[in-house]
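Quick look at what Swiss-Prot lists:
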BINDING   GLY134, THR135, SER136, GLY137, LYS138, THR139, THR140  ATP binding site
BINDING   ARG405, ASP429, ASN430, PRO431, ARG432, GLY483, GLU487  meso-2,6-diaminopimelate binding site
MOD_RES   LYS243  N6-carboxylysine
MOTIF     429-432  motif 'Meso-diaminopimelate recognition motif'
Amino acid sequence: MVSVPTGLRPSAVPGVRLPALADQVGAVMAGPDRRAAVPDVTVTGVTLRAQDVLPGDLFAALPGATTHGARHAAEAIERGAVAVLTDAAGVAQLTGGRTTPTLLHPRPRSVLGQLAAAVYAHPSERLTVIGITGTSGKTTTTYLVESGLRAAGRTAGLIGTVGIRIDGADIPSALTTPEAPALQALLAAMAEQRVDTVVMEVSSHALALGRVDGTRFAVGGFTNLSRDHLDFHPTMADYFEAKALLFDPNSPLRAHRAVVCIDDEAGREMAARAGDAVTVSAEGQPAHWRAVEVAPLGTGGQQFTVIDPAGVQHRAGIRLPGHYNVANCLVALALLDAVGVSPEQAAPGLLQTRVPGRMEEIDAGQDFLALVDYAHKPGALRAVLSSLKRPDRRLAVVFGAGGERDPGKRAPMGATAAELADLVVVTDDNPRGEDPAAIRREILAGVTESGCAAEVVEIGDRRAAIRHAVAWAGPGDVVLVAGKGHETGQRTGEHTRPFDDRVELAEALREAVGPRKAQG
């Protein structure tokens, strides 16, 4: 039974003296005399959030999008913070006579990872950390790696979009991509729980914003690159460069070893950038690891032959549909091999892997296939729909697009859906602060521009949209609800209401199956 550390922190931290921390990151005392000696207090934790402060913490007061963290310094100190780290703007906002040591750094975020790693005794050096990046497939690949590790008898930790796991147990957490202090604390807690290998998703945001600074990656994996996050990255080139921080020989974040899928141009460029990457391909590219003889396995699964760098053949199987998941599995196998787990050791775990909200089948006894998937960008939607499209069955897709995110992907998603599906139901995703109807219009513009003959319906209410697709489906058809996957809420404006595509689809199926059985 895994015991959960309070606040996902280790239960015991020896602590580091504040003067030593200041020296390590080049911080000085705030105030008129920048050469003043740094008080000799012991720091046992680091946090960005005043409400999370525990006695002995250093509170990092950073500039935010709308407010400066220094506004919350008084609360942090009241809760037991023994020191504050901030910039000049933060110092200017601190009020009253300061008795708590305040360290000044021109770019405090840039040193936060290094500082937190030092406080928690550099936990990634006590673990084998595998980092996986790419536009699509990160979550699935982390789950495949975790399953392979556990099948080989390793005590594994997982950090990703869906959540956190320690030795197979789900750990309640609101963290998705933890900030640097939370990540270092979590890695230290995992080390304390005798985890030996951690597999984690590494987003472009995490790399660009320093959230994984201070982490030593034993192996880095790259899945693919397609359009996404252009609300954050100004160009696709900038997006690529953020991912490349995990592989570039000149990057301080560079993983000790690299595994790269070269089935797209970005992967081939990334392999060249890394210089000594282990390559994988499910598309016939010349690579160290290859998949051949792909065949169906049961309902929705696949089996195939894996050829390793020595030319040895191994049989592998996954309970996940879609050829892109063969590529994800190859990346997982190569990563596992890099940390000493053979394909034979990993195989039983791979076959048992289920990933929440990723091509997740919902079965209520209906006579057609119903799935929920997280695909929320053009490339991912194309990959999923292509894997489901067959001439002997009809395909329906229910999807929308998130508000306050890259608007340039909306029309391409509409065009992709119209090209590959027989029924396209355009609905709301997470509109956030945007007009939901305006988002739907942008998607529908792409549908129109495609010139495809798919049946198209606009239903803003996501629950009603799902029910429409279920009512449309006949024996042997496929219904895909895409975009939200594992998410359990729908955000409109400032309000998030409970909403789970898996729950809604299951309920719609149960309602539909009853009358159909009665008619039969």
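Each residue, glycine too, has its Cβ placed from N, Cα and C.
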DSSP helix/strand/coil residue counts for the motif 'Meso-diaminopimelate recognition motif' (429-432): 0 helix, 1 strand, 3 coil
ARG405 (meso-2,6-diaminopimelate binding site), number of other Cβ atoms within 10 Å: 21
Reduced DSSP assignment, GLY134 (ATP binding site): coil
Binding-site residues compared (THR135, SER136, THR139) - highest count of Cβ atoms within 10 Å: SER136
Protein Cβ atoms within 10 Å of GLY134 (ATP binding site), excluding its own: 26
Chain-internal residues, separated by at least six, CB under 8 A from GLU487 (meso-2,6-diaminopimelate binding site): GLY357, ASN430, PHE499, ASP500, ASP501
ASP429 (meso-2,6-diaminopimelate binding site) versus THR140 (ATP binding site) - Cα distance in angstrom: 22
Candidate nearest LYS243 (N6-carboxylysine) in space, where candidates are the binding-site residues LYS138, THR139, ARG432, GLY483 and distance is Cα-Cα: LYS138
Meso-2,6-diaminopimelate site, defined by ARG405, ASP429, ASN430, PRO431, ARG432, GLY483, GLU487: further same-chain residues with Cβ within 8 Å of the Cβ centre: HIS376, GLY400, ALA401, GLY402, GLY403, ASP428, LYS484, GLN490, ARG491
GLY137 (ATP binding site) to PRO431 (meso-2,6-diaminopimelate binding site) - Cα separation in whole Å: 24
Beyond the site residues GLY134, THR135, SER136, GLY137, LYS138, THR139, THR140: chain residues whose C-beta lies within 8 Å of the centroid, for ATP: ILE132, THR141, GLU201, THR223, ASN224, ASN328
